[in-house]
Amino acid sequence: MDKPIHEEIASRRTFAIISHPDAGKTTITEKLLYFGGAIRDAGTVKGKKSGKFATSDWMEIEKQRGISVTSSVMQFDYDGKRVNILDTPGHEDFSEDTYRTLMAVDAAVMMVDSAKGIEPQTIKLFKVCRMRGIPIFTFINKMDRQGKEPLELMEELEEVLGIQSYAMNWPIGMGKEFLGIYDRFNNRVEQVRVDDDKRFLAINEDGGLAEPHPMMETSYYKQALEDVLLLNEAGNDFDEEKIAIGELTPVFFGSALTNFGVQTFLETFLQFSPPPQPRITKDKTEIDPYSEEFSGFIFKIQANMNPMHRDRIAFVRIVSGAFERGMTVTVPRISRTFKLTQTTQFLADDREIVEEAVAGDIIGLHDTGNYQIGDTVIGGKSNFLFDALPQFTPELFVRVTAKNVMKSKHFHKGILQLVQEGAIQYYRTLHTEEVLLGAVGQLQFEVFEHRMKNEYNVEVRMEHVGSKVARWIVNEGDVKESMAGQRAMLVKDRHDKRVFLFENDFAMRWFHDKYPEIELYSQL
Ligand code: GDP
């Protein structure tokens with residue numbers, strides 16, 4: 001490493017981009033990688049869908065879906081900072097891994113489509129970030145298209161998500177009439193469709209453009225100026241402390257596709273996003289990123305890179321110290337040590353063997369089935385466990401059986417291991433002991449089915465029982481089975497806790513009205 005370790009650690013910026021599908025996450029990621037010099041052409045990230053990796057032997061689902069481990073973590077350098085972007089897949093790829101990835105970052109960028117506003121998947125991912133109290137930066141995208149009024153979008157942030165907002169910049173027009181942005185933070189106007197040397201226009205003390213400019217005659221400019229005045233008077237103040245704890249989100253308007261406002265966003269983001277943050281252990285000790293001893297936790301396991309072997313990659317977020325290839329680590333859960341020789345680091349278009357990495361970085365450990373999601377790994381003599389990763393409320397459920405009843409032993413063994421690993425959630429009906437599996441995304445079922453066949457040699461039959469609203473019970477003793485009625489099921493989770501699976505929100509509200517004394521709660 002070029003710098004002393006503490007400087008290396010302080011230079012890390014590890015974040016995820018959260019959004020609803022199609023808001024422009026891939027597009028902005030490409031632009032960021034491009035600025036970081038990690039790719040030569042914006043357009044490479046989507047290359048995964050054009051069959052670029054077709055020769056690799058990763059599991060079928062990966063190929064079909066174009067998910068690739070290389071795009072799980074992308075790393076580049078910018079302005080003396082080393083940036084790690086962790087991918088949070090959307091669409092059908094959405095799974096508990098998507099949520100867990102948010103446990104491994106220090107900040108989040110929330111992409112919003114200016115025409116659509118806050119969408120369902122954004123809300124879900126936002127909640128997880130909010131629970132962690134990490135800084136959230138908002139990029140309102142597609143300003144080159146006609147969208148909602150900017151003030152309306154700001155209101156939506158506050159009302160739908162309940163987060164205060166501060167507009168770092170403000171659009172001047174939109175769609176075909178998008179002239180640029182009024183950059184409140186850098187005190188300048190950034191113009192669209194001009195040569196680079198004319199890009200920035202200075203603002204004088206009264207808030208208007210310093211030099212005469214044709215733009216000043218447009219209604220868009222006048223409107224923007226009026227809006228900015230309003231924000232200055234009635235809007236929230238810029239407050240770094242509130243940003244740091246995720247109470248206030250700095251908002252940037254721009255257009256990822258036309259690459260407008262992205263670089264300014266990146267630079268401001270890097271200025272305010274935090275370096276690696278400490279993590280809490282089970283016994284509530286704080287592990288400082290700068291402490292010498294290497295430690296980290298596994299937040300994701302990606303299975304079957306090669307179907308001929310059962311190998312997987314366990315993704316480790318390094319919490320403290322430095323990793324060196326060949327080092328020995330302990331996994332306290334199973335009291336075992338491993339020599340880390342096969343480790344991977346992730347770049348935009350390649351996997352590379354990693355030699356060194358520090359707190360804030362993500363490394364991939366080659367796993368032959370030893371690791372579990374949530375595992376702590378430690379490089380020194382200490383013995384502690386990081387706080388458990390939260391459990392997420394599943395929404396989709398299947399009833400699962402082995403196609404061949406003779407395989408029932410393997411079936412149960414396989415399920416047990418995959419459940420322990422955190423790949424899927426496990427429930428049983430109360431008397432009949434039927435197995436139900438729960439997931440937050442369809443992909444989890446497909447991976448489950450695939451792994452049962454390939455790793456445990458069991459073909460499974462899965463029958464969809466549809467989406468359900470799962471709620472746990474505060475005082476289980478007060479609940480009788482008959483309360484479930486026609487529109488709910490009472491089942492057990494893997495810790496034998498009772499869970500109601502309601503058909504829908506309506507059924508849940510009906511239950512609330514009928515049994516107001518029964519207190520229910522959801523996982524995250
Ligand atoms: P993701 O699903 O969030 O990764 O979204 P993509 O980055 O794949 O973008 C979805 C679609 O929106 C694509 O057709 C993009 O070209 C388009 N798109 C992304 N950013 C912009 C933008 O700033 N303006 C416009 N007009 N289209 C955009």
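Every residue gets a Cβ built from N, Cα and C, even glycine.
Worth saying up front: this structure is predicted, and the values here are computed from it rather than measured.
Annotation source TrEMBL lists GTP binding site at 19-26, 87-91, 141-144. Residues near H91 (GTP binding site) in space but far in sequence (CB under 8 A, at least 6 apart, same chain), listed by position: P21.
Here TrEMBL flags 10-277 as domain 'Tr-type G'. Per-residue pLDDT, averaged across the domain 'Tr-type G' (10-277), gives 87.
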Handout entry: binding-site residues whose CB lies under 6 angstroms from ligand 1, from T88, H91, M143
Key = none
Exercise for the section: Specify the count of other C-beta atoms within 10 Å of the C-beta of D22 (GTP binding site). Expected result: 15
